[in-house]
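Report on one structure; see the data block that follows.
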Amino acid sequence: MDGDRSKRDSYWSTSPGGSTTKLVSDSERSGKVDTWLLILAFTQWALSIATVIICIVIAARQGYSMERYSMTVEALNTSNKEVKESLTSLIRQEVITRAANIQSSVQTGIPVLLNKNSRDVIRLIEKSCNRQELTQLCDSTIAVHHAEGIAPLEPHSFWRCPAGEPYLSSDPEVSLLPGPSLLSGSTTISGCVRLPSLSIGEAIYAYSSNLITQGCADIGKSYQVLQLGYISLNSDMFPDLNPVVSHTYDINDNRKSCSVVATGTRGYQLCSMPIVDERTDYSSDGIEDLVLDILDLKGRTKSHRYSNSEIDLDHPFSALYPSVGSGIATEGSLIFLGYGGLTTPLQGDTKCRIQGCQQVSQDTCNEALKITWLGGKQVVSVLIQVNDYLSERPRIRVTTIPITQNYLGAEGRLLKLGDQVYIYTRSSGWHSQLQIGVLDVSHPLTISWTPHEALSRPGNEDCNWYNTCPKECISGVYTDAYPLSPDAANVATVTLYANTSRVNPTIMYSNTTNIINMLRIKDVQLEAAYTTTSCITHFGKGYCFHIIEINQKSLNTLQPMLFKTSIPKLCKAES
């Protein structure tokens, strides 16, 4: 072992290069370590002191900043409060000032301006609406119109089929359609309502009737009631007449024999204003005054009265009356049918029938126009033309229908359907059968009458339902018919289905030779008088309004009643 130790010492004493190295003792190495530890500890202490000093400095600075921050925030709060108070004060002052201005304007300024502007607008509208070319524009501001798809029945459009030929069917039998009736009536037990007149225009309808407060005498003082309205559909999808405005004319004016026209948004009514009875009127020269009444949908009314000297008559008349039934509107004119007695008879040959009649000649027919009961005056039909009816003072011209084209002058109606004008006249003379045809209003006036063999009217014994031979008589009753086909061969009407008595009102659909479909209103004993029928279409489906003067027998008075039916038109399949 000593040998090993000697070798180990020799190894540590000599370097590989062969040089000799002196080894450090343990005590020397321990002293150096202590020195370095002391230096390190001092350094740490110095750093700690520096850190503490730095922290103190930073803390001091932060305290100063916080104090300045607090002072700044407090200053901002104070400034904000001052600004807020200033703004609030400013806003309060502005609001109070503006509120005062607004209050002053609302209470004083605006009403004054509105009144002025309203007056200016009213003056402008009145000035415009007084001009003929702007009348329709002013009227169109009233939003009243028939329901969509409803229009007056036009025969050329209605009497056709997609395939086959149209015809009136007897099956099923016509029946009354449900719905309300708002025709004007009387408020007294003995009041009598007469002479219903209905005109259906493209937008509205006009209806007029005469109310006599005591009994039914024609010369009795009476109210005239004119209604305007539109046609709507009820919950059953059937058409109804819905009045919008109504005007009652003074009983002291005593209007009689009124005819109506509905055109645009106005209703026009032409009446006689007699102060004597009919027979006295025919026995004197000159006619009783006529009056043209105008009513619009706002209820405004205007009337123009005309004396004999203010009317342009083509011949001198002893009596002249509107024909009760509706008239028509053409461009710039209204045309009403009228009738009356000529002071001097016209020369010419009237409509006549000689074949099959004994001891009858053309002279018999000519003389039959001169009615003894009316002072022997020749009774003719006329066209009463109201020209410039939109002007401040319309002009009236009367044109006599040539006696060569007509039967005995009588009450009647005109209808303008499409491009054709249809005429109906009451069968007051010897010709008892339905008188309906096409009127050509150009010069000379001509009428193409459609012969009807099936329809007639009751009359006195000499001129009853079946009479066809000429003789002097004045009888019959007003029961107009509405043309369903262009030639007026197919018609809708209400006839008093009796020989001599005004009884048994019956709705009829007929052609020239046969009554195809009919409905009796009640029974053969029901008393009635005048009837008028007007028809419409709703998207091609045809309906008719029938107005009948019914005698309320328990009260012994007349009151128009409204009935409705569906037109029994079918299409015959082509073979």
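Using the three backbone atoms N, Cα and C, a Cβ is placed for every residue, glycine included.
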Quick test of reading the record: Swiss-Prot lists a disulfide for C473. Which of C463, C469 is on the other end?
C463
Looking at Swiss-Prot, which of C161, C216 bridges to C192 via a disulfide?
C216
Disulfide-wise, see what Swiss-Prot says C469 is paired with, picking from C357, C365, C544, C571.
C357
Out of C192, C357, which of the disulfide-bonded residues has the smallest number of neighbouring Cβ atoms within 10 Å?
C357
Rounded to a whole angstrom, what is the C-alpha distance between C473 (disulfide bond) and C271 (disulfide bond)?
26
Near C258 (disulfide bond), which residues of its chain come within a Cβ-Cβ distance under 8 Å, counting only those 6 or more away in sequence?
L195, S197, S208, N210, Q224, Q269, L270, C271, S272, P322, V324
Determine, to the nearest whole angstrom, how far the Cα atom of C192 (disulfide bond) is from the Cα atom of C544 (disulfide bond).
25
Given the recorded positions C463, N499, N511, state which is nearest to C469 (disulfide bond) when distance is taken between Cα atoms.
C463
What does the structure give for the C-alpha distance between N499 (N-linked glycosylation site) and C216 (disulfide bond)? Integer Å is fine.
23
